[in-house]
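Heads up, the thing below is written out as structure tokens.
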There are 2 protein chains.
Amino acid sequence: MPVVGMAGGGQLARMTQQAAIALGVPLRVLAASPGDSAARVVADVRVGDDRSLDDLRAFAKGCDVVTFDHEHVPGPHIRDLEKSGVSCHPGSAALAHAQDKLVMRERLTGIGVPCPAYAHLPPSGPIPALEGFAREHGTPLVLKATRGGYDGKGVWVIDDLGARARELVGRLLAEGVDLMVERHVPFRRELAAVVARSAYGQGAAYPVVETVQQGGICVEVIAPAPGLSRDLAAEAQRLALAVADELGVVGLLAVELFETPPSGDGPGGLLVNELAMRPHNSGHWTIEGARTSQFEQHLRAVLDLPLGSTEPTAPYTVMANVLGGDDPDVYRRYIHVMAHDPGVKVHFYGKDVRPGRKIGHVTALGGDLAEVRERARHAADYLRWGTGTGDGR
Amino acid sequence: MPVVGMAGGGQLARMTQQAAIALGVPLRVLAASPGDSAARVVADVRVGDDRSLDDLRAFAKGCDVVTFDHEHVPGPHIRDLEKSGVSCHPGSAALAHAQDKLVMRERLTGIGVPCPAYAHLPPSGPIPALEGFAREHGTPLVLKATRGGYDGKGVWVIDDLGARARELVGRLLAEGVDLMVERHVPFRRELAAVVARSAYGQGAAYPVVETVQQGGICVEVIAPAPGLSRDLAAEAQRLALAVADELGVVGLLAVELFETPPSGDGPGGLLVNELAMRPHNSGHWTIEGARTSQFEQHLRAVLDLPLGSTEPTAPYTVMANVLGGDDPDVYRRYIHVMAHDPGVKVHFYGKDVRPGRKIGHVTALGGDLAEVRERARHAADYLRWGTGTGDGR
């Protein structure tokens, strides 16, 4: 059996282990500490720094494929591994587009993929660039760190170009953060298209989902996106498969999208927001809700095995993220959640509980969307607050 | 989070790990070697002998619950652990009925559960006892070791009481094997009823399945058992729940049943063949085919959490065991199996491949039973032989 190495010991590696167990594929994880989410459930854990070339080289030795739990392994290190003959999937060339938002925007717009208007902010003269962009696209604007952001970190909405905005830009540049600005898109809702592409070039697309964000963190995913027109759903899948192909992604690609409202002179449409090249929060619903989970699909893609069926197992699947509350004893709250709803599936990542931190998710399935959403929300709220209504907030 | 310890490092512990990962429950495994099926996929492995009281005691230290991957941990050792305050589920008193077929028969017939006629063979005078039993029940007969059998081992069908049978009995007794004899039931087919019972006493029953055996090894499980009358299905579930309750089983209980054909003076019925108190081969289909897998259900039961929904996810689910063939490179054959049928789910146990050994299973789901069976059989045959038709045999 080939050995798959995953750099990063978070919950994505943890859930990949469940799929690796089924396939009989040994999973090796490079974790920062033995207490990492995935390190707690994998036999072959290497503790090290996934930003250190030496640690990556030692980790890759004996792996047939190296893949990633996150985007933070430095591109030059991945290129170095590739030069020394390690199969990295996705490869450094593809992964650059998930690591740097400016590289991604330039490439996507270059191949005709619709994106929000954007501009780089040169550290030498950021304010004139910002002012020029605001004149063309209006305010509010979205300021983004080109690298290193996640879960709403590295993204700031700027209402106007007043003193606070100027101070923020100055401070970030002084800290060495590379910045870009984007139009604040008046979207109807956010969608995600998760696709897989194997080394051989086979593609597979999951149903397009709606993602609901609060404070920059995804709190709920509805599969499929309710009321999405067949045309837009097909267009989102086509876009995602085309991006995977153009960028040569091997593994999973999650394309986060804005669905824009119909305007006076045309129908609604799609704009690409972000890319991720790994199992993605918007695909957790597939563990129970699709014939092949995104984690198994990622393994099949990076191992160059034929991809699995993405067929849904229920009319609707809703995933709700569980965030940490004030009381860290989540397990104590299992009893209510499981007794209340024997069909809800609980996933806990084995992480220390901190308020607001993603510590797990729940999944509900069924034919009545309102009911399925309510079931998922109740379970997630209860696991966080010890009450299913959010009153505990 | 409570720590669950599982004695035994086989595929049942391995698949329990997938469920433990989702629940966030740390699973500790007592394995005979680091190469055991479960030891390859669990972070917290203790290598030791699960028939040694010292090893069991050391293993149990720090476990909130101890449960079992098989029936071979000696009952007196489990009683010793219980006396020292370790929660063992199932407990020694219940487990005795899965460890000793004579104890099981005496108890079940005592509480009115229908079983085949049976008799103990006293080592002092086995042949007269055998002859007496044969006069009453005819031949063929089934000779069974009261303890230690599995997968057809420890079971012998005796066509008549000739020299070969007498020699077999003499040899087994001389080896110290305790023997019993049972009527050879002319059954229509074999069924299994898998139920769970929590420490609190909550019960949950999975749909009754048909199990297809070859050479004493289960090769196929069809869920639900096709054409089984509602009455018999309900009776099988009722029986299994009653046995779980009477015996005080905590965890899963699989009841293997014979469905007997209608006779001149009455309808067909059910006879209990064997009991197992753990996740069971006849429940592997639940990983994809039921809302709650038997592995998650076992964990919920032994942790005294509310039990999960046993609702099926498809009209039919068929599981086919994958046995080892002559070529140990099973992975090479994944490509065909996955390309041929993107919906089939492959489970490989990470065991060394030996001809005839259970090394994995495959699952297919759908609405057309003949097609679903053919898909599962093709995949299992191909993984064994490199051809999907059985021609390779």
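Including glycine, each Cβ sits where the backbone N, Cα and C put it.
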Residue among A:K83, A:K144, A:K153 sharing the ATP site, where TrEMBL lists A:K101, A:E182, A:R183, A:H184, A:V185, A:E190, A:N273, A:E274 as binders: A:K144
Collapsed DSSP category at A:K101 (ATP binding site): helix
Which listed residue (A:E190, A:E274) has most other Cβ within 10 Å, given these are binding-site residues: A:E190
List of residues, in chain order, with Cβ under 8 A from that of A:E182 (ATP binding site) and at least 6 apart: A:R105, A:P116, A:A117, A:Y118, A:L141, A:V142, A:K144
PLDDT averaged over every residue in the domain 'ATP-grasp' (A:105-303): 94
Among A:K101, A:H184 [binding-site residues], residue with fewest other Cβ within 10 Å: A:H184
